[in-house]
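Colleague: One structure is given below, represented as structure tokens, and several questions about it will come after.
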Amino acid sequence: NLIQFGNMISAMTGKSSLAYASYGCYCGWGGKGQPKDDTDRCCFVHDCCYGKADKCSPKMILYSYKFHNGNIVCGDKNACKKKVCECDRVAAICFAASKHSYNKNLWRYPSSKCTGTAEKC
């Protein structure tokens, strides 16, 4: 769920998950246009992943995971829980890998500036 996702983000990036809650064109609710940078692209991919797991209620479902040697390990056998955990795990790793691209000017970015044709998932 979103709280667990936030905990993964904080653990992997050392930043508050709120730094990613309203960033670029895809971090936060909804999304349109072209991703603005690598960090925003992580959110685009995460949105696509949640879209594929939509029947699982990805924003609400509780799953199990742990941190092991600096990695996130998803622990559920349940297919829905595992799928959503994997979406969140991959995004948190992506944020950590793209920390260099984080641009404070893209936090609370106006959606009116999110233009261009959106890519397909």
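Glycine too: its Cβ is placed from the backbone N, Cα and C atoms.
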Colleague: Choosing among CYS49, CYS56, CYS74, CYS114, which residue does Swiss-Prot name as bonded to CYS85 by a disulfide?
Modeller: CYS74
Colleague: Out of ASP38, ASP47, ASP54, which is the one Swiss-Prot records at the Ca(2+) site of TYR26, GLY28, GLY30?
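Modeller: Ca(2+) site check in Swiss-Prot: besides TYR26, GLY28, GLY30, the record includes ASP47 out of ASP38, ASP47, ASP54.
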Colleague: Using the record from Swiss-Prot, pick out the residue from CYS27, CYS49, CYS56 that is joined to CYS43 by a disulfide.
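Modeller: Between CYS43 and one of CYS27, CYS49, CYS56, Swiss-Prot records a disulfide, namely with CYS27.
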Colleague: Among CYS42, CYS48, CYS49, CYS121, which cysteine is annotated in Swiss-Prot as forming a disulphide with CYS87?
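Modeller: Of the listed candidates, Swiss-Prot names CYS49 as the partner.
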Colleague: According to Swiss-Prot, CYS42 takes part in a disulfide bond; indicate which of CYS94, CYS114, CYS121 is its partner.
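Modeller: As annotated by Swiss-Prot, the paired cysteine is CYS94.
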Colleague: Can you look up which of CYS25, CYS80 is joined to CYS56 by a disulfide in Swiss-Prot?
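Modeller: Swiss-Prot annotates a disulfide bond between CYS56 and CYS80.
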Colleague: Choose one of CYS48, CYS114: the cysteine that Swiss-Prot connects to CYS121 by a disulfide bond.
Modeller: CYS48
Colleague: Please identify, among the recorded positions TYR26, GLY28, GLY30, HIS46, ASP47, the one with the smallest Cα-Cα distance to CYS87 (disulfide bond).
Modeller: HIS46
Colleague: Which chain neighbours of the Ca(2+) site, leaving out TYR26, GLY28, GLY30, ASP47, have a Cβ atom within 8 Å of the mean position of the site's Cβ atoms?
Modeller: CYS25, CYS27, TRP29, GLY31, CYS43, PHE44
Colleague: For CYS25, CYS42, CYS80, listed as disulfide-bonded residues, tell me which one has the smallest number of other Cβ atoms within 10 Å.
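Modeller: Lowest Cβ count within 10 Å among the disulfide-bonded residues (CYS25, CYS42, CYS80) is CYS80.
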Colleague: Give me the Cα-Cα distance between CYS49 (disulfide bond) and ASP88 (active site), rounded to a whole Å.
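Modeller: Cα to Cα, CYS49 (disulfide bond) and ASP88 (active site) are separated by 9 Å.
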Colleague: Compare the Cα of CYS114 (disulfide bond) against each of the recorded positions CYS43, HIS46, CYS80, CYS94 and report the nearest.
Modeller: CYS43
